[in-house]
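Undergrad: Taken from TrEMBL, the feature Na(+) binding site applies to Asn250, Leu363, Ser367. For 52-64, the entry in TrEMBL reads compositional bias 'Acidic residues'. Feature annotation from TrEMBL assigns region 'Disordered' to 41-64, 559-625. The transmembrane segment annotation in TrEMBL covers 162-183, 211-232, 244-265, 351-376, 388-406, 426-443, 464-487, 507-532.
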Amino acid sequence: MPKNSKAVKRELDDDVTESVKDLLSNEDACDNSFKKSSLIVGNHGGEGKECDVEEGGSDGEEEERPAWNSKLQYILAQVGFSVGLGNVWRFPYLCQKNGGDVEPECEKSSATTYYWYREALNISNSISEGGGLNWKMTVCLLVAWAMICLAMIKGIQSSGKVMYFSSLFPYVVLICFLIRALLLEGSIDGIRHMFTPKLEIMLDPKVWREAATQVFFALGLGFGGVIAFSSYNKRDNNCHFDAVLVSLINFFTSVLATLVVFAVLGFKANIMNAKCIRLNIDKIGRVDNLTDINYNMSLADYHQLIKQEKYQGLGLDPCDIENELNKTVHGTGLAFIAFTEAMTHFPASPFWSVMFFLMLINLGLGSMFGTIEGIATPLIDTFKIRKEFLTVGCCVLAFSIGLLFVQRSGNYFVTMFDDYSATLPLLIVVILENVAIAWFYGIDKFFEDLKDMLGFTPYRFYYYMWKYITPILLLILLCSSFIQLIMTPPSYSAWIQEEAREQTLYFPPWGIVVCISLVVMAIMPVPVVFALRYFNIINENTSGLSTVSYKKGRIIKETARPGEDDDTSLIQGKSPSEAPSPMPGNSIYRKQSSNGGPEVDTTPNGRYGIGYLMADMPDMPESDL
């Protein structure tokens with residue numbers, strides 16, 4: 001063999017392994033080992049034939065043959081050869097023949113229900129079984145709050161742009177879903193069911209209480225978001241038009257979403273009904289030893305068939321579309337089980353699933369924008385905290401609290417918070433807001449303020465609504481909610497893994513304590529702030545704790561400190577010193593001079609963008625205010 005030959009000898013060596021670099025190596029200009037190979041066959045000392053792969057010329061018989069450009073090509077060729085149709089049909093067939101992907105929990109329920117409770121939530125059997133954090137849910141929670149923090153870090157400057165997408169995208173998805181759902185078989189049955197009232201339950205007080213609660217929460221009252229967003233408007237903004245417009249949009253959005261849901265549920269009900277009929281016909285066929293079974297009989301013929309006396313003892317299920325539509329799914333189950341299961345029967349179901357959950361994400365973001373703004377705005381206005389620091393702090397705190405909901409028993413805490421930290425506290429807050437404006441501040445003064453802002457006197461209808469009817473209805477709603485809580489022990493719906501079904505369980509004693517604590521903590525800021533204001537613990541003289549005081553019928557404010565952010569100026573995109581006053585020339589507001597000099601005009605919303613707006617009038621006694 002020549003001395004300059006670079007022969008690659010094939011020998012077995014268990015101590016040497018191929019590196020990833022060799023496996024993924026491509027053609028190398030300096031290494032032709034994969035480009036050309038020579039096969040030399042000759043006799044050496046009568047010891048037999050020896051095959052040697054060479055790169056250059058050599059003595060003896062030499063025959064060139066093609067070679068792989070890289071090791072990766074060789075491996076892929078081997079994989080392509082070994083993986084064939086047998087992997088697709090033979091292996092699954094053997095698994096099916098000799099036993100296989102079967103979970104008793106999934107078999108007893110449904111694939112969608114199993115995926116939600118076991119794969120997504122990995123839920124425990126009760127609220128007492130914490131089970132540790134679900135790392136998948138924890139990561140999703142972190143991503144969600146990171147998105148909210150980034151969108152809210154600059155206040156309405158950043159969140160306002162995000163809302164173009166987060167608020168409009170759900171409507172695009174809902175309209176697409178409605179068009180698609182109306183083309184599905186059975187969708188009309190669902191819509192007909194939606195508009196068919198059950199007159200027998202119209203006298204049930206629970207129905208009206210739930211209807212009032214839905215209207216109450218749909219508008220987001222009591223959370224602070226409505227007031228916080230409105231505080232960034234100009235003084236002469238037509239708030240009457242805004243209130244009517246948002247209410248109408250909210251109502252029609254609810255109707256649109258309900259149409260989509262009922263159309264899809266009608267489609268699902270037809271599928272489940274057809275499956276039920278097929279199972280019953282199979283039972284009948286086994287009794288009559290039928291070999292040719294007609295599964296395409298009409299619904300009328302089917303009902304005539306099962307009424308025959310000889311089939312009465314078969315335990316046939318009453319297959320009825322109305323019964324399927326009457327199966328209520330509460331809480332998160334509607335979106336993540338019933339609606340999702342129906343989407344699995346859609347043509348191109350992955351596309352619709354992605355669109356549906358993107359819509360849910362945007363709906364959640366839009367709601368949280370308002371919630372965080374409702375928390376941050378009054379704190380920034382009162383304590384002069386930098387918006388960036390406060391926003392990050394709020395999001396970190398909310399994420400920390402949210403860890404309670406991403407443990408295995410977290411879904412039960414979601415139910416607890418939804419039932420007890422939202423319903424009663426928000427009702428109490430809104431009642432206090434209504435009574436404070438209509439009775440303590442004075443509905444007549446409030447009407448004068450609105451007249452000055454709007455340029456016209458609001459309808460007298462609102463006078464009687466705000467002063468009499470609305471407080472009475474809210475008190476009735478609050479009392480009925482209290483009565484329901486007293487008569488119905490606190491409970492939740494738990495998923496029992498062994499039985500693969502939901503079961504109603506009562507909260508343990510510590511759970512009841514938590515429920516009561518949630519109600520108390522949610523309304524605690526109201527009496528606390530009232531006491532601080534009443535005893536002048538927070539006023540204009542408390543070294544920066546508050547720069548707004550309400551005395552003698554006018555707003556007294558401190559001068560804006562240099563370098564501080566001005567949220568109202570964000571609307572004009574100017575700094576506080578550059579932002580023009582939205583006040584008309586003839587100001588009806590005044591500012592108390594710190595040196596006792598003449599009063600000067602100022603913007604009605606000041607540097608905070610919020611506050612009660614009062615007309616210029618002679619000093620009045622404190623009691624009149």
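Backbone N, Cα and C atoms are what each Cβ position is placed from, and that goes for glycine too.
Unlike curated records, TrEMBL annotations are generated automatically.
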Undergrad: Counting only residues 6+ away from its ends, which parts of the chain sit with a Cβ under 8 Å from the transmembrane segment (464-487)?
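TA: That would be 205-206, 209, 212-213, 216, 423-424, 427-428, 430-431, 434-435, 437-439, 443, 446.
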Undergrad: Let me check one thing: do the transmembrane segment (426-443) and the transmembrane segment (351-376) come into contact, meaning three or more Cβ pairs under 8 Å with sequence separation of at least 6?
TA: no
Undergrad: Per the 3+ Cβ pairs under 8 Å rule, pairs at least 6 apart in sequence, do the transmembrane segment (211-232) and the transmembrane segment (351-376) touch?
TA: yes
Undergrad: Determine which residues of the same chain, besides Asn250, Leu363, Ser367, have their CB within 8 A of the center of the CB atoms at the recorded Na(+) site, and list them by sequence.
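TA: Same chain, not in Asn250, Leu363, Ser367, Cβ within 8 Å: Ala218, Gly220, Thr253, Gly366.
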Undergrad: Other than its own, how many Cβ atoms are within 10 Å of the Cβ belonging to Asn250 (Na(+) binding site)?
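TA: Taking every protein chain into account, the count is 14.
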Undergrad: Counting CB pairs under 8 Å, which listed stretch among 244-265, 351-376, 507-532 touches the transmembrane segment (162-183) the most?
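TA: The stretch with the most contacts is 351-376.
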